[in-house]
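Heads up, the thing below is written out as structure tokens.
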């Protein structure tokens, strides 16, 4: 696991995501989710490569049931990009690294 990835919970979401000084890409995931496991190594690479511009956070929906409904999380993996405490963009489903970097480059 990359040290650059932040693990957030219902309790830490406001502090770690909404009050972050950097944009935060939050991966809503679960242990049983195959596509979530597929994108995990890509997110680790992104966390390292974009460390100067972006925080990458992982949010386990099974362990933290309160936050996902606030953002209408219906399927996983769901990636939400927050800037200055506001939800700026959403991507649902497993993305390739090229798709994810194109998405991030268009938003940052």
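Cβ from N, Cα, C; glycine included.
Here is what Swiss-Prot records for this protein:
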- 2-108: domain 'Thioredoxin' (DOMAIN)
- 33-36: disulfide bond (DISULFID)
Check: Can you tell me the mean pLDDT for the domain 'Thioredoxin' (2-108)?
Finding: 96
Next item on the list: Which residue among the disulfide-bonded residues 33, 36 has the fewest other Cβ atoms within 10 Å of its Cβ, if you could check?
Entry: 33
Next item on the list: Would you mind splitting the domain 'Thioredoxin' (2-108) into helix, strand and coil residue counts from DSSP?
Entry: 37 helix, 29 strand, 41 coil
